[in-house]
Amino acid sequence: MLASTVTGALQEQGRAKVNLTLRVVGRRADGYHDLESVVAFADCADQLTLAPSPELTLTTTGPLADACGDTSDNLVLKAARLLAEAVPGLTLGAFTLEKVLPVAAGIGGGSADAAAALRLLARLNGLSLDDPRLQAVALKTGADVPVCVPSRACTMTGVGENLQPLALPVLPCVMINPRVPVATKDVFQALGLKPGDLLVGVSDVLAAPAWPKAGASIGDWVAALDQVKNDLEPPALKVQPIIGTVLDALRASNGVLLARMSGSGATCFAIYGGDADAKIAGAAIAAAHPEWWVHAGTLS
């Protein structure tokens, strides 16, 4: 939660969401996919500001503003409009989004921005983030928005509505996006599940992993995470093969403990045993691939 230099303005971060694991249980009769995921949030973020204004507007700035395209259907505005429908008399305003996270990247940038908008409107209007109306609007805005509202490490199940907090240690990491957008719908289409299909067996559903408790080490978490993959990685590789090149670069880096894709791609991440290893690996990969978006930091 941040203040802004603009008089009367409020500011929030839209932190990148990273799926440490992602299991597709199956596809429901309504076409949505049931998922199980361990989610963490990175220390890189978009910045969203809300300033007093009689009209609801959105202006984009920052190095990746052009990637946002037409803002009329941006999730920030969608979330604000839906909350205004749900909460009579809601005070809105002028949003300014400083866009630094890649779009269509598997790190929930648009969802994080929408969640930041909901937090800003909640602050402006004295709403609790636990308000059922806000929670319903978050899910209606997008499947990843509910988890981005608190932006805390958790397990996420269902279509994104069931969240359970996790005591995740701070994980040194490198995140890479090859600056190639990947549409989520294309990856699920490549996965090829029809409504009613299951990707996992009943025994797999019953044998849900027990995640480490508070105080567990990075090594304990890496060992647990290594038991569950990202089911969208194989179909995403078919849609955009450069993901394989990114994963190879991460897996070849010194000190890497675990590397995989986040969400539906194309962003991939690696976990390291210490901050120094992550920074050295990130710098080396950025030097070898200046065309890629590379961030060395932490997940928590």
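Including glycine, each Cβ sits where the backbone N, Cα and C put it.
Same-chain residues at least 6 positions away in sequence with a Cβ under 8 Å from that of Lys17 (active site) are, in sequence order, Val39, Ala40, Phe41, Ala42, Ile107, Gly108, Ser111, Ala112, Asp144, Val147, Cys148, Ser151, Ser262, Gly263. As annotated by Swiss-Prot, active site applies to Lys17 (among others).
According to Swiss-Prot, the ATP binding site annotation covers Pro102, Val103, Ala104, Ala105, Gly106, Ile107, Gly108, Gly109, Gly110, Ser111, Ala112. Of all Cβ atoms in the protein chains displayed, 29 besides its own lie within 10 Å of the Cβ of Gly106 (ATP binding site).
Here Swiss-Prot flags Asp144 (among others) as active site, drawing on sequence analysis.
Long-range neighbours of Gly110 (ATP binding site) (same chain, six or more residues apart, CB within less than 8 Å of its CB): Asn74, Leu75, Val103, Gly142.
Highest Cβ count within 10 Å among the binding-site residues Pro102, Gly108: Gly108. For the recorded positions shown (Ala104, Ala112, Asp144), fewest C-beta neighbours within 10 angstroms: Ala104. Under the three-state DSSP scheme, Lys17 (active site) falls in the strand class. Gly110 (ATP binding site) carries a helical DSSP state (H, G or I).
Reduced to three states, the DSSP call for Asp144 (active site) is coil.
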